[in-house]
Structures are given as structure tokens and as C-alpha cells.
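Database features (Swiss-Prot):
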- D381, E383, D527: Mn(2+) binding site (BINDING)
- E391, C498, H501, C523: Zn(2+) binding site (BINDING)
- 54-237: region 'Binding site for the cap structure m7GTP' (REGION)
- D458: site 'Important for exonuclease activity' (SITE)
Amino acid sequence: MSNSKEIPSFRWTQSLRRGLSEFTTPVKTDVLRDAKMILDGLDFNQVSLVQRILRKSKRNDGDLDKLRDLNKEVDNLMSMKSSQRDTILKLGDLNKSELMDLASDLEKLKRKVGQTERSASGGVYLGNLSQSQLTKRSDLLRKLGFQQQQVRSPGVVRIWDVADPNRLNNQFGSVPALTIACMTKQSDNTMGDVVQALTSLGLLYTVKFPNLIDLEKLTAEHDCLQIVTKDESGLNISGYNYSLSAAVKAGATLLDGGNMLETIRITPDNFSQIIKTTLSIKKKEGMFVDEKPGNRNPYENLLYKICLSGEGWPYIGSRSQIKGRSWENTTVDLSTKPQQGPRTPEKAGQNIRLSHLTELQESVVREAMGKIDPTLTTWIDIEGTSNDPVELALYQPDTGNYILCYRKPHDEKGFKNGSRHSHGMLLKDLESAQPGLLSYVIGLLPQNMVLTTQGSDDIRRLVDTHGRKDLKIVDIKLASEQARKFEEPIWSDFGHLCKKHNGVIVPKKKKDKDIPQSSEPHCALLDCLMFQSAIAGQPPQTKLEGLLPDALLFTLEAAFTI
């Protein structure tokens, strides 16, 4: 597509909002909580100092140190932040066409950003030569017939004369909580006044891009908006400046609806699905990366932000502690690896969310799955629904080997209902479940393997979702009372293996009150043991051995919420 084509920026923005609406979340409470923390905890003398630094025409390493130190203080005060999580997208996360499309756009974006940053310097030297060396260099170039490029730049050209330009990365994006706190403090208004004013800008943003004329009209109603600068926002100066774009972004976070892109939250579980959805919207709307230097269009802006970090709030969270750029932190691996069974991505619209394991983790899982003998009876059971499983168990009674893994649910409402009446698992215990592990295990099941289960419908749907239609499912179809005949001895002997079922079970009301109802939670592994015991007429006699190490089941950084 020609880069000269006019870009319908707001139409693209609206299309992205609609298409990515399922990933947006209400953030007003979180933003205001962080704003209050910043307002109460930040030294605003240092804020004023940094704002003066940002107004200087030339800034050095000492100035950058002050900016970075203040950014770190802000980051420490905030709960909404992006984490350093480098991501390698592979076949299975996206299809080959999508991976190639993403790789191409990231490369174009890299060139565009590089050219924009170079042109923004206005031809002014950004390195660390001394002034005398620069003068001598200019004289030498003039003698050799090179004419100095005449650069037209609106206003003052502000540059960073620093030894390591990489230290500038991720230090300048506006953060709504910081914008609200600074406006409250420095405009001498209440936070309530600031919130009302920014909300008006946010509401306007749902139908158009607010401009300076709109700002002037709104300022007549909201005095605190006088602090918003009328100057065009420049590159690498917006962190603590009251630009219109920073105010609009803050306003977007204060709305209860609107599917604002600013409220997207990325997790390791939904990252690949967000990328997939974005590429689909791009194709439908004819979006593209325009490599000409200049401001990013809505698609470019979204792509840059979501690829910078695989976890957090890409638009509005603190990201000053992230190292690297988008094309460095999100990379594409087009190589294919032989697998024990076919592993294909989920179908559009389904809730299975594939994520990524490290090379070492994949190696450990492959080694464990290599001990599953496809010629032996293999029980399989899950907790949760087929399109949103939270626990998977495989059990081979002949050897005692078992696989047990977990997954954070996508449908929290459905999960809580299942927790209350069935499995008793708690959301807080699954927050740090290793992303992608459950799906990877299913993908590694040997080709054409036979799996034994009590009730086959959900298992059939689960393996089909993962592209494993080759797997054979045998349903033993025991009566409910017969299937749970050994429930008490199984829980007595093996309950210590069931560590994530700590909720209280409330039995559902049934028409037949003569049938006793169990108050024990359903555990995928223990259910497999019960079903096998019902067939064998006795509890397992072979010592059980878990094939996956506990350290692999959950990530090291446990989830923490306030």
C-alpha cells in the first residue's frame, strides 16, 4: 500500500477500539489510587526541577540522571506499571502468515522510529564530541565542499547530549496518574476538579481527536485546563509536560466505557491473542506502517506499545524501568520444531490462550511427556470448562506416573461458579499458573493415543480445540455414585497431592434428595484415581510419581493485587 495514502486516523482508532474491546478494562479506580499515591509521596520540588530541565535547549547526562531518578520514584509509587517480559512468538501462537506480517511491521516500525528520532534532532549533533572538535569538524566539511544542511524547525530544538542514547529509552511517555497528580498540585485545584475537566476531554475523545480549539472552549468551563500547553508536543519532552495529548490520554482512563485503547491490559496469557486480533483488524481496515518520519498513526502506536512489554498497561502504566525497544522485546521465530503430536493455534473466538515457555521449560516438559507410554491405559480429566480449563491431569495406573498442571481462567465469573459447586479452586491460587503449560502438554501427547475418561464431551472439545482430533477418547460412563465409590479412601491417602482446591464446596440442589452429595472438591488427578479404583475394585497399589517439577507449574513472580 502506498505510504502517500491519507490515513483516516480516527476511523482506525474506532476500529481498533471495537476489535480489541474484550481486552479493555475499567481503570479509573486504579488510576486515581496511583495519582493519590504520587500526590502524597512525590517531592514536587524535584518535579519542578525536571520540568525546567525539559525546557532547556540542550541537556546532558546529569540532566538525564535527574529525570531517570524521578521516574524511578514515580514507578515505586505506582501499582499500574509494565514489566520487563521479552516475548518470542512462534508457530502455534500465530500462524506463519501472521508471524511474517508482524515481523515485517516491526522492522518497518524500527526504521520509522529511527528516522523520526534522527530528524527530530534537527541536524544537531547528538554524540559526545567536544565543542572545539565540532567546530573543527564543521570547518573541515566546509573546506571539502560539504554544505551544512539547513533545517527548519518550529520553536526551540531541544536535544540530549548524552554518552549512551539507550538510556533515553522509555523515559518520556506520559502517565495518566502522574498527569492527574501534577495538574492537581501545580494548578492549585482539587483532584475532583481535575478529574471533571479531564473526563470532559475523554468524552470528546470518544467521537473525535480533541484539538486546541476544543481545549480553549473547555478551559472556559474548567479553569484547571489553563495549565495544558498550547505548544505542539515534541519528541522526548512529554513526561512531565502538560501536553494536550497527555491530558486526553488521562481523560480516556476516567471513562466507565468507550472501549478505550488506553485501558488495555496485557498479560502473558492474552498477549498472542491481542497480537492476532490486531493483525486481523489491520487487514480488514487496510492499515499499514508508514515509514516516513513523523508521528505514529494509530496502528503503529498500538503495535509499538503492546510489543514493548508482554505484561502490564501499554498505554498508561509506568514503563520507565523497561529496557529495550518494541522490536527488541518482541521477536518472531519462524523456525519449526518436531513435536510428538500436532499443535495448532486455537480457533478465533475461543478462550484457550496460548503463551510461551522458555527453551529450558519446553525441554523439561518434553522429557516428562516422554515418560508417558502411549501403549498403557491413560486417564485424563480436567477441571473448568473445555474452552477455559484450569486444571489438567493425566494418570497411568500401570506405572503410577502422572502429569498435573494448572491454568489461570479467562472467564472469572464462570470460574467462581465452578469453584463454589465443583472444584473449590481459588483465583488467587491460579494467578501465577505457568502460562501455556496446559496447552503445551496437550500438544505433546503422542499421535493417535487413546485416552480414557469418565464423561467424554468436554475432553473431546478440549483436544479438538488444540487441533488434536487424532486422539482417541474412551468414555467408561460410570454412574455418578459408582464413579465416586472410592472418594473417601482416595482423599485420605492421596489428598496431599491436591494442593490447589482450598475453597468450600456448596452442593447444588438436586431433585432426588435420596442421592448423597459430596462436599469434597473435584480434583482432576484425584478424580482419575477414583475412576481407576472403581474399575479395579481397589485404590492404587503402585506408588505415584509426578513427572512435572513443582517449580515449573507456577511462575516465580506471584501475583499481587491491592
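Here the Cβ of each residue, glycine as well, is placed from N, Cα and C on the backbone.
Distribution of Swiss-Prot features across the structure.
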residue: D381; record: Mn(2+) binding site; CB count, 10 Å: 26
residue: E383; record: Mn(2+) binding site; CB count, 10 Å: 26
residue: E391; record: Zn(2+) binding site; CB count, 10 Å: 25
residue: D458; record: site 'Important for exonuclease activity'; CB count, 10 Å: 16
residue: C498; record: Zn(2+) binding site; CB count, 10 Å: 25
residue: H501; record: Zn(2+) binding site; CB count, 10 Å: 22
residue: C523; record: Zn(2+) binding site; CB count, 10 Å: 27
residue: D527; record: Mn(2+) binding site; CB count, 10 Å: 26
Find the average pLDDT over the region 'Binding site for the cap structure m7GTP' (54-237) in the predicted model and report it.
83
Cα distance, D381 (Mn(2+) binding site) to D458 (site 'Important for exonuclease activity'), nearest Å?
9
Return only the integer: C-alpha distance in Å from C523 (Zn(2+) binding site) to D381 (Mn(2+) binding site).
9
DSSP-derived structure type at D458 (site 'Important for exonuclease activity'), helix or strand or else coil:
helix
For the recorded Zn(2+) site, enumerate neighbouring residues of the same chain (Cβ within 8 Å of the Cβ centroid of E391, C498, H501, C523, site residues themselves excluded), in sequence order.
E383, H423, G424, M425, K499, K500, P521, H522, A524, L525, L526
Using DSSP reduced to three states, classify D527 (Mn(2+) binding site) as helix, strand or coil.
helix
Taking only the binding-site residues E391, C498, H501, which one has a CA atom nearest to the CA atom of D381 (Mn(2+) binding site)?
E391
Excluding D381, E383, D527, please set out which residues of the same chain place their CB within 8 Å of the center of the CB atoms of the Mn(2+) site, keeping sequence order.
I382, E391, A393, H423, H522, C523, A524, L525, L526, C528
Cα-Cα, whole number of Å: H501 (Zn(2+) binding site) versus D527 (Mn(2+) binding site)?
13
Using DSSP and collapsing to three states, where does C498 (Zn(2+) binding site) fall: helix, strand or coil?
coil
